[in-house]
Amino acid sequence: MEQKAFKRPSVNLFYVFFLSHLVFCQLDYRFYDSTCPSLTMIVRYGVWSAIANDTRMAASLVRLHFHDCFVNGCDASILLDDIDSTFVGEKTARSNQNSVRGYEVIDKIKANVEKACPSTVSCSDILTLAAREAANIAGASYWMVPLGRRDSRTANKTAANELPSPFESLDNIIAKFNAKGLDTKDVVVLSGAHTIGFAQCFTFKQRLFNFGGSGKPDPDLEASLLKGLQTVCPDQVDSDTTLVPLDSVTTNRFDNSYYRNLVNSSGLLQSDHVLSTDNRTASMVLSYSRYPYLFLKDFGASMVKMANIGVLTGQDGEIRKNCKVVN
């Protein structure tokens, strides 16, 4: 009888998990306790002020952190400006341009941190803390952030163009998360950040008028929501950039309404909707729709995992004085 070969897990996957564990050991919750004790207060006030001026900024800062971590790791490379023809940053990448915002908030916080603690705190740590504060101010549970990241001296616009997209299949999205040391649960949990924020009409318009090239709407989309969205996002090019809340029930509140919407066929993006129908993810969506505290607990844990992707520590990288340029 032919024996089936034992299928060993990918060596690359083991390597990713090993590095993630190694990085976590090099980070420390108390990293700046003696060198910049006012750091958390400065970051929180800066984020609070930004959200008080623009409620959308809570979602924007969480998104900014995600887009940074998924390109060569959480190294603040996304904050670097283009410099003529000598340096190409990530801000103008297809996935970031006219989508990611909040750079000026981090720059302002960094300037205030520099006044209190010169050349001490990295931009990557500030961005990581800002994402935590933004989510917490919006209603998420508070989670501890291990610190000690350093900033990159490089950026990668090409890699930024490969960020997970709302147009991708769940298989592709899971694969991209796996490549970063994150699992399917992290896909479901981190997608829950869509409980706040907005999406442009072009990111879901195909569901309203021409789903899968059928010339008809997505039959899974709840009828009253479909009608409302077709009004706000008519099948015209000039409506492509119109903003629509990802969660129309509690738009600015970080809660589990996102999952309740998915269960009720009221998810906005196709990449969100499929989480409630795929066998790998549907049970998790249902659990989070029923148990808000479970989601809030798991969200903090997944954010910590994400914040450990590709971290620079020790003598690697640098501590930028200005987040927009290398030293």
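Cβ from N, Cα, C; glycine included.
Any TrEMBL annotation is an automated prediction that lacks curation.
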Further Ca(2+) 2 ligand in TrEMBL, beside D247, T250, D255, within candidate set T195, T203, T313: T195
Candidate cysteine (C233, C323) that TrEMBL pairs with C123 in a disulfide: C323
Disulphide pairing with C233 per TrEMBL - partner from C117, C201: C201
Cross-link partner of C117 (disulfide, per TrEMBL) out of C25, C36: C36
Disulfide-linked residue for C69, taking TrEMBL as the record, within C25, C74: C74
Spatial neighbours of C323 (disulfide bond), counting only the recorded positions H67, S77, E90, P164, T195 and Cα distances within 10 Å: S77
From C74, P164, H194, C233, the recorded positions whose CA lies within 10 Å of that of H67 (active site, proton acceptor): C74, P164
C69 (disulfide bond) CB neighbourhood, other CB atoms within 10 A: 28
Residue with minimal Cβ packing [other Cβ atoms within 10 Å] among the binding-site residues S77, T195, T250: T250
CB contacts for D255 (Ca(2+) 2 binding site) [other CB atoms within 10 A, all chains]: 19
Site with most surrounding Cβ atoms, counting all protein chains shown within 10 Å, from the recorded positions V71, C233: V71
